[in-house]
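Okay, so here's the structure we're looking at.
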Amino acid sequence: MTTVIMRTTARIVVPIVLIVAISLLIEGHNLPGGGFIAGVLTSTAFVIVYIAFGLDFLERGVLGRDVDPGKTPSRDRVVVAYRRLFTVGLAIAVGSGLVPLALDHPFLSQSYIVLEGVPLYHHLEIASALAFDLGVYCVVIGGLLTIISVVGAE
Amino acid sequence: MPPELSVVLAVVTAPFAVAGVTPLLIRSLGEKTGYAGAAVAAFCFALLGTQYGSEGTVELAWIPSLEVALRFYVDGWALLFALLASGIGALVFLYSPAYMHGESGLARYYAALLAFMGSIIGIALAADLIAIFLFWELTSLCSFVLIGFHTDDASSQYAARMAMLVTVGGGLFVLVGFLLLAFVAGDVVGPGTSAFDLAAMLNRPDEMQTALREAGLFVPVLGLLAVGAATKSAQVPLHFWLPNAMAAPTPVSAFLHSATMVKVGVYFVGRIRPLFASLEWVMLFATLGLATMTICALLAVAATDIKELLAYSTASHLGLMIAGFGFTSIVGAETGVFHLFNHALFKAALFLIAGIIAHETGTRRLDELGGLRHDLPVTAFLTAIVALSMGGIPPFSGFYSKELLFEATVEASHHHDLGPLDWLYPVVAVFGSIFTVLYSLRFLALFFGRQPDSLDHVHRPPVILLVSPAVLAALTAVVSIDPELAVRAIVQAGIDATAVDPGTHEMHVGLPTSYSPAVGMSAVAIGSGVLAYPFYDSIHRSIRSIPRTVPPIGANWWYDAIIERLTDDGAWLASRVHNGLLRTYATWTLTATCVLALAGFVATDAAIPTALAGLDVPIPAALVLSLAVVAGLAVVTADSHVAGILTLSILGFMIAIFYILASAPDLALTQLVVETLVLVIFLLVVEEIPEYYEVSLGRIARDAALSVLVGATAFITVLLTTDARPVGESAIARYYTEHAVPEGGGQNIVNVILVDFRSFDTLGELVVIAVAAISILTLIVMRARGDETRSDESSVAIEDAEGGSANEPRESHETRGESE
């Protein structure tokens, strides 16, 4: 599938997909979307990159690292990063649950504040649930991409 | 005087806390860690000493909303047992460094020993049935680790597994017994008190017994708890694990298998005695105890190894204690408590002496040992005290408690109508005691007679090895000289706690001054034992020949047969269910899921709705769904894998459109994205599947049946669940719609539910994703390294290994999929 059509399409589609994913994450509290969908969508963008350019592209082409041709894919630095990502995601999710405990609320209680008069937005609402959603997002991306890159390499 | 919560908590937690840091202690102290352990045990002993004379319940609220509390009950009996465990523990820790000198795995050894001591103290002090059960099983686990200390030795592994299976299995009987007990106790102890509070039950023994009988659960609960106690305390026919457990290092045998763990059953029988005292109780425990006492005494005479002799003798003495508690009279309680105390002192000393003998001579075989008094004079002196006490020879301590047993057997008929058991109990008790005298003399004879030529270089043991048995022997001597001292100090308090009608009797023991039936029985037992001793070898041989001619008479034979059968069946089952083929797993998982779901429907009498009222489908939805059906049919007839997968995804996308039509945009989004991802993953995997393979007719039939079953289950489930949906908006739906904006601050209710109202669920799902990723990673990493040197690289894989070192040819991913 590493054809020219595929590569050209991927170059255009992947940024769009990523932006849509991020907007789904941020808007998820009020419009359709949320951390899980955004995570899966982001993973899909990565999968498109994988299919169009191959598994090593991210390390070699994007990050500009040398890839040791003899090593097993599960030890790729990218895979290590994915693993770190879902660890970080879990930490964010649990951490966002622990903060209310410190403020004498039950575990995982959420709240929100409304900011008025913010430039550009005028009216901005920040929900603490966004932190939890960010955790969900990170775990989903990290988990799915770990699985896909490792299974794909097989 | 009520006990102090802080002290009790410190005593129970200190051993566990130190067990946790044992690896660090080993690093700084090395082999001297044993002394640190001794210090911990002495600390517990001292703290327990401060609670001397106290009685009552203390509790620490744990989860107040569920009425879960850590509850401890302190009385004379609990203190006696906990003091014994910590006191003997301290001596064993003191003995260990010299004995275990040069062994590897000391961190495991000391950690398990400490955790074990903590568990025993926990059992002694816990007042909550669940806590007792947990500590009970913890002792079994620690025992498993300690018996299997020599991990490279097959016999040690066998023994550890056996002890684990028997004692943990017995623990499960206890658990069921506890649950039934709590079920009944709920009404008796009344509201405000936990139904698992043993102390509250012990305050109302008569009401508990009546309630149990009314529920028809008296005999079942008694039986279940008896099985648990019998496995733990090695009662016939579950005694066989104890001699095998002698594969453990000797300090472990001294601590676990003479003084503490095996006494847990006895302790527990004494503890629940006031609850259950009745005719059934006597029939069960007196019979069980006397049978064990006699059979194990016979087997001890048949033993060829000094530790085996002591192990069977321990089982026999445990039988004596169980029998004592089995008699409901006050003398019975005196027998149980006093003998538990005496036995812990002399048997721990004997094991430690056996360890010295094995350590200094290099053998444990009875026929290779003799005349050791020249080389080990101090040990010989100590042995004389404790072995004669074990044999029940006056004026040594064992004599007093055995005399009490004889008295209890004679008195048994005064309390209950026992029929022929009336005279059988005393006869069996005397018969068993003859053998006790025999093997005790045999053990003592190790130090006398001619020294075999093979024993030409026996070293003197280091003083530190002698300290512990000397302390125990000295205590035995004190009890022998003045038994009333021990009674006043601690035994009487234990009796008050285990007696059926406490506080009515003051115990007195001493050398007999006038004739009584018990004195006569003692005289017969000791006289016969001494007279029969010259014929020891022929008795030994004749007992040994019995199991050789009739193997099924030995309990061990049954154990081996059952385990072998279970292993074979397990292997057979594994080859059916767990054969490495994905389709087999899928078949079993799907079948099980469907059958369980359908069984659930049947069990709850769920009726399939016959009239599908209000079945009006809008035309767009009907179109989309029928397209999905067509796609489903097309999947089955597709002529290549790729075509099949692509057609399958049509089905998935149609469902996504259906969600949009049903105004569920979040679901539709998720479905679309997941469908895309799954499609890609399928396409990646499909390359590995062969183009075409032969499928037998039977497998086609199986797959077809399975598909129909899955389809039918899904169909029925949908019918039932949609039918059960409440009419209109349910309360919970209304709650979410009303509170989403004011409380969650979000317009998207689905998302607010996910991240706010039910975020705990979401957190759980996140963990599932993470665990799935880790499992897949592990599976693939392990498969990749499967045939290579596994042990060398296992550490590398765990440590992330950035810029890894394995040299495996990588597949060329770039060329993948060009055939498309």
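Here the Cβ of each residue, glycine as well, is placed from N, Cα and C on the backbone.
The feature domain 'Na+/H+ antiporter MnhB subunit-related protein' is assigned by TrEMBL to A:5-146.
Taken from TrEMBL, the feature transmembrane segment applies to A:12-29 (among others).
Under the heading transmembrane segment, TrEMBL lists A:35-55 (among others). Residues 1-2, 6-7, 9-10, 13-14, 17-18, 20-22, 24-25, 28, 61, 73, 132-141, 144-145, 148-149, 152-153 of the same chain, all 6+ positions outside the transmembrane segment (A:35-55), place their C-beta atoms under 8 angstroms from a C-beta of that stretch.
Positions annotated as transmembrane segment by TrEMBL: A:85-103 (among others).
Annotation source TrEMBL lists transmembrane segment at A:134-153 (among others).
Same-chain residues lying 6+ beyond the ends of the transmembrane segment (A:134-153) with a Cβ under 8 Å from its Cβ atoms: 25, 34-36, 38-40, 42-43, 46-47, 50, 55, 72-74, 76, 78-79, 82-96. Averaged across the domain 'Na+/H+ antiporter MnhB subunit-related protein' (A:5-146), the predicted model reaches a pLDDT of 80.
Same-chain neighbours of the transmembrane segment (A:12-29): 35, 37-39, 41-42, 44-45, 48-49, 125, 127, 129-130, 133-134, 137, counting only residues six or more beyond its ends whose CB sits under 8 Å from a CB of the stretch. Taking Cβ pairs closer than 8 Å, the transmembrane segment (A:85-103) reaches residues 109-111, 128, 131-132, 134-143, 145-146 in its own chain, all 6 or more past its ends. In terms of DSSP helix, strand and coil, the domain 'Na+/H+ antiporter MnhB subunit-related protein' (A:5-146) has 95 helix, 13 strand, 34 coil.
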